[in-house]
Amino acid sequence: MNAPKKLPADVAEELATTAQKLVQAGKGILAADESTQTIKKRFDNIKLENTIENRASYRDLLFGTKGLGKFISGAILFEETLFQKNEAGVPMVNLLHNENIIPGIKVDKGLVNIPCTDEEKSTQGLDGLAERCKEYYKAGARFAKWRTVLVIDTAKGKPTDLSNHETAWGLARYASICQQNRLVPIVEPEILADGPHSIEVCAVVTQKVLSCVFKALQENGVLLEGALLKPNMVTAGYECTAKTTTQDVGFLTVRTLRRTVPPALPGVVFLSGGQSEEEASVNLNSINALGPHPWALTFSYGRALQASVLNTWQGKKENVAKAREVLLQRAEANSLATYGKYKGGAGGENAGASLYEKKYVY
């Protein structure tokens, strides 16, 4: 039997230690790795020009928030941000270190169509990844993220077996390359909420996808103790007319994880997937209320941590302090949800606004 080569002991130990820190009790990950194109959409909503200076100001707002490290363990950055400084000349990475927040980096290069499929997607970025990982590590990154996308369409048989295999194998190759270069890989197989499918269909598809992913991780020799999973919660499609409860989401999500995710994995950091800020917190709470679990179940939210922050900031310096208060409020709500102790209501009515975008591109 030809097994993959083992990682050196010191590398394995470093990866496992970092992974555990990222999912430490009461903390989650801030996903701030929007591409330049995606952050333009965010800025357009508040009528702010998408310049490098404005992007730096916004990231400075987020990472310079005093007390953020109480609720946030890591922050995923876009490549520009990893090497960026704020207006005062302080590197963004240093702002994170000041709060004991671990910097991470988005390493995928976006989506392309898989040939011979009905526009199912493959993720680019494996070419040159090892060299980039070395540079990112030197710049202070200690973990990475790679997003894949699948769509449910029962009438068309999506996701196909080919899509499942492509997703799983690409994630496993990425994870292996990251670990060889001392970066903890966050493995993100996102099943989009697009469509009218039921929550039960989402559960079946998610179970199959995660089974494929962990099979591929094993075949590629990925150290599970030094990796994290970033999946969708099990929810109904956005256009589904059947009503579901947060308890349904909690039960089916936990059941799916128990059927597929080995306990060697330190933690699962859920994506918000277009849920409102409040939904993302309440559903995370329902998931953790069903504990104890063999892994930490926490969050890696982008829109569900930032939407109200952006709306409060509006690109104006005089709004920075208030926007930071909003960020802390939302981060604390999700921290409470990791214990199953969130009672709801943080952020008021605005936090209930849908953040769904069809065919979401990050």
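Count begins at 1; order follows the chain as displayed.
Backbone N, Cα and C define each Cβ position, glycine as well.
If you look up Swiss-Prot, you'll see ASP33, LYS145, LYS230, SER272, GLY273, GLY302, ARG303 marked as dihydroxyacetone phosphate binding site, on the strength of similarity to another entry. Among the features that Swiss-Prot reports, D-glyceraldehyde 3-phosphate binding site is placed at SER35, THR38, LYS106, GLU188, with the record citing similarity to another entry. Taken from Swiss-Prot, the feature beta-D-fructose 1,6-bisphosphate binding site applies to ARG42, SER272, GLY273, GLY274, SER300, ARG303, supported by similarity to another entry. Feature annotation from Swiss-Prot assigns active site, proton acceptor to GLU188. Annotation source Swiss-Prot lists active site, schiff-base intermediate with dihydroxyacetone phosphate at LYS230.
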Need one number for the dihydroxyacetone phosphate-binding residues ASP33, LYS145, LYS230, SER272, GLY273, GLY302, ARG303: the maximum pairwise CA distance in Å, whole number please.
16
Look up ARG303 (dihydroxyacetone phosphate binding site) in the DSSP assignment and reduce it to helix, strand or coil.
helix
Same chain, 6+ residues apart, C-beta under 8 Å of the C-beta of ARG42 (beta-D-fructose 1,6-bisphosphate binding site), given in sequence order:
GLU34, GLN306, LEU310
Roughly how many Å separate the Cα of GLU188 (D-glyceraldehyde 3-phosphate binding site) from that of LYS230 (dihydroxyacetone phosphate binding site), to the nearest whole number?
5
Measure from the Cα of LYS106 (D-glyceraldehyde 3-phosphate binding site) to the Cα of every one of the binding-site residues ASP33, LYS230, GLY302, then give the nearest.
ASP33
Using a 10 Å cut-off, grab the number of neighbouring Cβ atoms around the Cβ of SER35 (D-glyceraldehyde 3-phosphate binding site), all chains included.
16
Tell me, by DSSP, whether ARG42 (beta-D-fructose 1,6-bisphosphate binding site) is helix, strand or coil?
helix
Local backbone state of GLY274 (beta-D-fructose 1,6-bisphosphate binding site), from DSSP in three classes:
coil
I'd like to know which of these binding-site residues, THR38, SER272, SER300, is least surrounded, judged by other CB atoms within 10 A.
THR38
Near LYS145 (dihydroxyacetone phosphate binding site), which residues of its own chain have a C-beta under 8 A away, given they sit six or more steps off in sequence?
ALA31, ASP33, ILE76, GLY104, ILE105, LYS106, VAL107, ASP108, PRO185, ILE186, GLU188, LYS230, SER300
Between GLY274 (beta-D-fructose 1,6-bisphosphate binding site) and ARG303 (dihydroxyacetone phosphate binding site), how far is it from one CA atom to the other, in Å?
7
